[in-house]
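These notes concern the structure reproduced below.
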Amino acid sequence: MSEARDTWRKPPFIANPVVRWAVYLGAIAYFLWVGATMPIDWGRVADGFGRAGRIFGGAFPPSFERSGLLIDGFLESLKIAILATTGGVLLSIPIAFMAARNVAPLPIYYLGRFVIIVARSFHPVIVAIIFVKAVGFGPFAGVLTLVVYSIGFVAKMLAERIEEIDFGQVEAMRAAGAPFFSTMFYAIFPQIMPRQIGLTIYQLDSNLRASAVVGIVGAGGIGATLANAFGRYDYDFALAITIVIVGAILISEGVSGMIRKRIG
Amino acid sequence: MLKITDLVKRYGSGDPVLKNLDLTIEGESVVSIIGSSGAGKSTLLRCINRLVEPSSGSIELNGTELTKLRGRNLRAARRKIGMVFQGFNLVDRLTVMENVQSGRLGYISTWAAIMRRYPKQDIRRAYELMERVGIAHYANTRADQLSGGERQRVGVVRALMQDPEILLADEPTASLDPKTSEQIMGLLRDLAGELKLPVLINIHNVTEAKEYTDRIVGMRYGRIIFDDKPAQLDQEAMDRIYSGSPHADRSEDLRQAS
């Protein structure tokens, strides 16, 4: 009987030593090359500190003088978020069913997946720029943008939940001769409902945040107010807006967390 | 009367799971199907209500050929075939009453189903059947609050709500403890008598099959090799049904084929 070995090493991630060292050295060389060739102007960085100092200096103390404008902008953002969540979630449900492999026939499945991929592939800011071009400045463009954004997330997550359902319940309805929509409402909806509600609340929260961002490119809401304030060098007003946005997001996150815990 | 003739079911291009199977169930008899796992018991039952698509052959229920039906006609035929499942397959998040009424989904409009506006006679029938099996007091309870035996009673009532002409039970007691299991078997036998309903039960427990059913069908690898009164099921028949392995059996088929 041979002596038991007392040394052990975790097998390397890349087994071939030549390939392994080539990959490591290549990665290091690339980083060095990027660092050497990126046009980083240290003079501008130094100037930037001074400019940032002026911005923050001008921002204190935050000015709530034009709070009417602030409240209007915030309420508009809230409206955008609520409308977009409602529309986006309502559209997400049929798309999610189309994109769930276990309930949709193959061509419909591909169509559903395609819609989701398209909705997910662009950042909301890019979608917002397109919609602002298409329907003009203002909250309508914001709503359309966030509808697309909501579909990308809610439909995808919901489709995954539908694919995880206990199919026995569907089978039981089928065995009773139930038509398609009755089967859906009795065997599938009850199973996905908790996830559906959770996703909706999360998406409302997320849309409120995103509505501030898309406003900057002209899609209405408090983001537009913020962009205007920066444009006019009203840094103290801009800080007030930022404080309100952060506060609103904190509150909405707390509320949505509480609701999701209760329905979980 | 259920009449199965020359039924073949083949998954993909492999060996058939059901091999030219013939079976007739008459009147209100309670028939059990026994056989080891992989014998094709479940497939046979699921071919009858077309949860599984038969490859060839004929299945006739009271004069209706089931294998060719599609769409609306298939749903109409399925209404007449009740099914009880091993895992109950109840909708956990709905109440017992909603689960029971889901047996009527083939009869009522989707809108009425969504709005829970069940016809009066359906509600009365549901209470009668729930009373009969002892779950009426659970009508407003969510299905996932019930014990296994109670859940299977809901499953049985749901199947009976279909006003079926035959009841299929796919290992209805396999997820239950021995005592509950006997209660459910007794219930199926008694209901078959009361409702003049033929019942076809897949079962692993041979003792229960002997005690609660009128006729035992023994399957082995896609064929029926025993079909008689429970008293005739002796040790020799049991050995024939349960001996051997699927592998050995398949290679035997291959030898015959070559």
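Cβ atoms are placed via backbone N, Cα and C, with glycine included.
The annotation domain 'ABC transmembrane type-1' is assigned in TrEMBL to A:74-256.
Among residues of the same chain six or more beyond the transmembrane segment (A:21-40), those with a C-beta under 8 A of the stretch's C-beta atoms are 14. Residues or ranges marked as transmembrane segment by TrEMBL: A:21-40 (among others).
As annotated by TrEMBL, transmembrane segment applies to A:80-104 (among others).
Residues or ranges marked as transmembrane segment by TrEMBL: A:125-152 (among others).
Among the features that TrEMBL reports, transmembrane segment is placed at A:172-189 (among others). Distant neighbours of the transmembrane segment (A:172-189): 97, 103, 162, 165; these residues of the same chain sit at least 6 beyond its ends, with a Cβ under 8 Å from one of its Cβ atoms.
Annotated transmembrane segment per TrEMBL: A:210-231 (among others), in sequence order.
The transmembrane segment annotation in TrEMBL covers A:237-259 (among others).
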Surrounding residues of the transmembrane segment (A:125-152) on its own chain - C-beta under 8 Å, 6+ positions past either end:
76, 79-81, 83-85, 87-89, 91-92, 95, 115-116, 119, 203, 206-207, 210-211, 213-221, 224
Below 8 angstroms Cβ to Cβ, which residues of this chain, lying six or more residues outside the transmembrane segment (A:80-104), approach it?
111-113, 115-116, 139, 142-151, 154-156, 158-159, 161-163, 165, 167, 170, 184, 188, 196, 199-200, 203-204, 207-208, 211, 219-221
